[in-house]
Structure formats: C-alpha cells, structure tokens
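S.K.: Before anything else, here's the structure in question.
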Amino acid sequence: MGEANDLRDQLSCACPCRFVKDAGWDEELVNQSYPWVEERIVYWPKIAPWQAALRDGLLEAGVSPYNGYTYDHLFGTKVGGTIFDEAGYRHTAADLLAAANPDNLRVLLHASVNKVIFKTRHGHQKQSAIGVQFKDENGGHHQAFLSQKRGSEIIVSAGAIGSPQLLLISGIGPRSELKKHNISIVFHNEHVGKGMSDNPLSSVFIPTKDPPKQSLIETVGITDDGVFIEASSGFGQTGDSIHCHHGIMSAEIGQLSTIPPKDRSLEAVHKYVRNKNSLPKEVFHGGFILSKIDGPLSTGNLVLVDTDPNSNPIVTFNYFKHPQDLRRCVYGIKTIEKIISTNTFSNFTPKDGGYSMEKLLNMSVAANINLIPKHTDDSTSLEQFCRDTVVTIWHYHGGCHVGKVVDQQYKVIGASGLRVIDGSTLSRSPGTNPQATVMMMGRYMGVKILRERLGRAAGV
Ligand SMILES: Cc1cc2nc3c(=O)[nH]c(=O)nc-3n(C[C@H](O)[C@H](O)[C@H](O)COP(=O)(O)OP(=O)(O)OC[C@H]3O[C@@H](n4cnc5c(N)ncnc54)[C@H](O)[C@@H]3O)c2cc1C
C-alpha cells in the first residue's frame, strides 16, 4: 500500500463510518441524529460563481471524483450543505430549541457559569456535582441546584475553550495547575486542558479581472492526503475582498493563538493594527483558495490565567509541530497551485500574466496578519509559506477528550452528576463543518440520556 493510501486509511474524518466507529458511537442512532439536525437548519447552497470555479478547477486538477451535493466527507470534490436558507437567513443551533417542550425549558441569555458546585455524598468516594454558580446578564450572582429527581445532571457544553476552563476553575484538572491558582481539588486529572488541536489554515489570494460575487465555503475538495481545499470570495463594503477572508477576519477577532503566550502582548495587538492599515488592498480584488489540514497531529494545551471565567485562558495549539502537518500543508498549497493554473481559473485572472505563483504566494504572505514575526524577504519555500500564513479556521477542539476526561457516556471521570458534551471531547474535528457533528452529538446524547432515564425508571 502506498503512502497516500496508508494516510487515506488513517484519515477517519474523510470516511464518516470510520469517524463514527472511532468515536465509539452507535451507528444507527448517529444516522438518525444527523438528519434530525439537517431537516431543521441545513440547506443546499445556490452555488456562487467563485465556488463553481473552484469545483471545476479541483476536478481539472485531479481532485476527483465529483461527488455532487453531499454532507458526507468523501475523497474528491463536492458541494456541502449550508445553514443559510434560500433567503440568505442564517440558522443556528438556537433554532433547534423549537423542537423542545417549552414547559421543560428555561433559557438564560448572556448568563455565564462561574463554577460547578460539588458535594461529597455520604458513602460515596466521588464528589457529586449538585449545582452551578452563575452570573446573569445584569451581573447578578446566583446559584442553581439540581432537583432531587434521580438522574438529574449538569451538562457542560461550553466548547473547546470554555469546558476545560470551567472544569479547571471548578477543581477538576492537573493538581499542580489547580494548586497554582489556589483552587480546591475535586479530582486530580492531568488530562484536562490537554490535547488541544486546531486545523491549520493557509490561503492563497487570487486577484481577478472582475470583482467576484461574495461567497463563503460551498465547494470542498478532499484530497488523498486529507487536505481540504475550500474557497471564499467577495467585495466587502470597502470595495475589496480582503475583509471577507478567514485569516483577516480571525485577525480582527484577535489572532493571538498563533504566537507563543509570552509574546501575546498589547504591542502584538498594536502591531496587528499597523499591519492591517498597511495591507496592499488594491492588489487583492479577487478571491481566496484555502487549504485546511484535517486531523492535525500537532497538539497543545490550555491553562488558566486566573480563576475568573471571563478571563481568556492561555491556549497553545503548536501548529506544525508535527512534521506531517507541515508536509500536508505543502501538499495543499501545491494542489492550489494546480487549481490556479487550470483553464477554469485562467479565465478569472488578468491576462497580463503579472501573477506568477511565486508572486501570488508573496502577496498572500504580505497580506496575512497572523501576528507571527514575518520574514522580511520573500517566501523561500512552501514550508515557510505555511508557517508564515497559518491561521485558524476556528475548528479548534479537545481539552476534555473521551477516555481521558470524560468516559464513553461523556460523564466526567472522577465526579458524578456531571457530563461534558461538546467539541472539547473530540480528538478530531470532523471535516468541513464540525458544528454539524457537534449538533448531531447533542441530539445523539440527548436521546441516549433519555433512554438511560427511561431504562432506570423501568428498573432495567
Ligand atoms: C467565527 C467562527 C466561524 C465558524 N464557522 C463555522 C462554519 O462555517 N461551519 C462549521 O461547521 N463550524 C464553524 N465554526 C466552528 C463551530 O462554531 C464550532 O465547531 C462549534 O460551534 C463548536 O460547538 P461547541 O458546542 O463545542 O462550542 P460553542 O459553539 O463555542 O458553544 C459553547 C458556548 O458556551 C458558552 N460558554 C463558554 N463558557 C461559558 C460559561 N462559563 N458559562 C456559560 N456559557 C459559557 C459560549 O459562549 C458558547 O455559546 C466557526 C467558529 C467560529 C468561531
């Protein structure tokens, strides 16, 4: 078996059944839970010209077969689902509440949990989660306790950053880390906050003859190497497309994860603002093609800054620490190079021939603002290009892995009455739209918990 096939075999994300199997999920219930979400909030996009060009360019460059419109992560080229409906209205997880019984539900907006409250129950070794301390939208402090009904539980779904942070603040985590912040230890677990991963994203900017219509990711190319090729385009209010780009947007929300913690300073933010003001905007009237590494092998960690849940913890992803991630990024950029040189794309780009691949790469580096110290000279290698341009696609995950922080039922190890169900439990972020799987997981675990309760009530 060749290297690509070996890798293909390892790439569970590109094979839905393998991903489900690796997660230890019940396949039948997974197959019921995805459509439950899809029927409510997922639509097929009316494919935009830039996305159609990527589709044709991918096929011309050999990222085949064409798998048409599908939610599955199949090798080749496809068009995926979207949460924008035909009228352009964006649907969210909140829409799923429409399926709930409102009598059983109380939703507090803008409330944040400060910590989980535990109690040692007589005769039990484990501490039990019995409630939470939280702050309401007006800053008022409250406590909420579980009802005495058997089986009542606290389910934490604060995401890959919030859930490990909340467990740590509540006393579940590495002893040394808890001690550092004078947090009373509920349960020592060295894995909380470990195994944080993010999918590195690099992109190439492509100036076009005419302004392309705005588009977000619709077409996806899944290469043999498990690199996802996607694209976005559009002319924002400022008359250029740069503000529609992932790297730029993530910089706008503080792209600090790509620099080491000690360098994350106010000066770094000021530098970002200076860089942003000096972007060569006139050059970037066009679109972007992105390369995202599926299943990165590089991992990092999350540690607390203090015990305030509103303080951002320090998160380090160690992008490209594992050489295979870097190698796959290079493969992705080479694939983009092939796509740009297809007939499809040559129809989009200016005829004056002013944009060699080298020039495109150097322009892309110049426009990228990931706060990593830049080389002043041009990119010397694709490896350097990957390192210089890496940004997040916001698919970060981990910190509360199954088998390490939670068990197979998502119950927090070392405590009772507490589960974590969200992206922090994932060891891999599945494919193009991780939120689809996270929402599916919510439905899946909801059904499982109901079945467990019914089983208990029936004395099974
Ligand atoms: C800018 C951006 C764009 C994205 N685009 C896409 C996309 O196009 N497609 C896609 O599939 N995925 C996308 N993602 C990724 C997707 O949003 C995540 O994978 C998914 O939302 C993870 O779900 P989660 O439940 O684990 O965490 P989240 O959705 O982050 O939910 C966690 C929630 O908990 C809240 N919280 C945290 N701490 C506390 C606390 N102490 N008390 C109370 N509440 C708390 C947070 O405010 C948040 O609302 C994007 C992410 C970002 C940031």
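Placement of Cβ uses the backbone N, Cα and C atoms for every residue, glycine included.
Not my notes, these are from TrEMBL:
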- VAL113, TRP394, HIS395, GLY423, PRO434, GLN435: FAD binding site (BINDING)
- 159-173: domain 'Glucose-methanol-choline oxidoreductase N-terminal' (DOMAIN)
- CYS329-CYS386: disulfide bond (DISULFID)
S.K.: Across the domain 'Glucose-methanol-choline oxidoreductase N-terminal' (159-173), what are the DSSP residue counts per state (helix, strand, coil)?
M.R.: 12 helix, 2 strand, 1 coil
S.K.: Check the domain 'Glucose-methanol-choline oxidoreductase N-terminal' (159-173) for me and report the mean pLDDT.
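M.R.: Here the predicted model's pLDDT, averaged over the domain 'Glucose-methanol-choline oxidoreductase N-terminal' (159-173), is 98.
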S.K.: What residue among the recorded positions VAL113, CYS329, CYS386 has the most other CB atoms lying within 10 A of its CB?
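M.R.: Answer returned by the neighbour count: CYS329.
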S.K.: Can you tell me which of these recorded positions sit near ligand 1, meaning the Cβ is under 6 Å from at least one of its atoms: VAL113, CYS329, CYS386, PRO434?
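M.R.: Once distances to ligand 1 are taken from each Cβ, VAL113, PRO434 fall under 6 Å.
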S.K.: Given the binding-site residues GLY423, PRO434, and counting only Cβ atoms in the protein chains shown, which has the most within 10 Å of its Cβ?
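M.R.: Of the binding-site residues GLY423, PRO434, the highest Cβ count within 10 Å belongs to GLY423.
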S.K.: Among the binding-site residues TRP394, HIS395, GLN435, point out the residue whose Cβ has the most other Cβ atoms within 10 Å, with all shown protein chains included in the count.
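M.R.: Result of the Cβ crowding comparison: HIS395.
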S.K.: List the Cα distance (Å, whole number) between HIS395 (FAD binding site) and CYS329 (disulfide bond).
M.R.: 16
S.K.: Between VAL113 (FAD binding site) and CYS386 (disulfide bond), what C-alpha distance do you get in Å?
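M.R.: So the Cα of CYS386 (disulfide bond) lies 38 Å away from that of VAL113 (FAD binding site).
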S.K.: Could you measure between GLY423 (FAD binding site) and CYS386 (disulfide bond) for me? Cα positions, answer in whole angstrom.
M.R.: 26
S.K.: I need the CA-to-CA distance for CYS329 (disulfide bond) versus TRP394 (FAD binding site), whole Å please.
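M.R.: Distance (Cα to Cα, whole Å): 17 Å.
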S.K.: Pairwise over VAL113, TRP394, HIS395, GLY423, PRO434, GLN435, annotated as binding FAD, what's the top Cα to Cα distance to the nearest Å?
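M.R.: The widest Cα-Cα gap among those binding residues is 24 Å.
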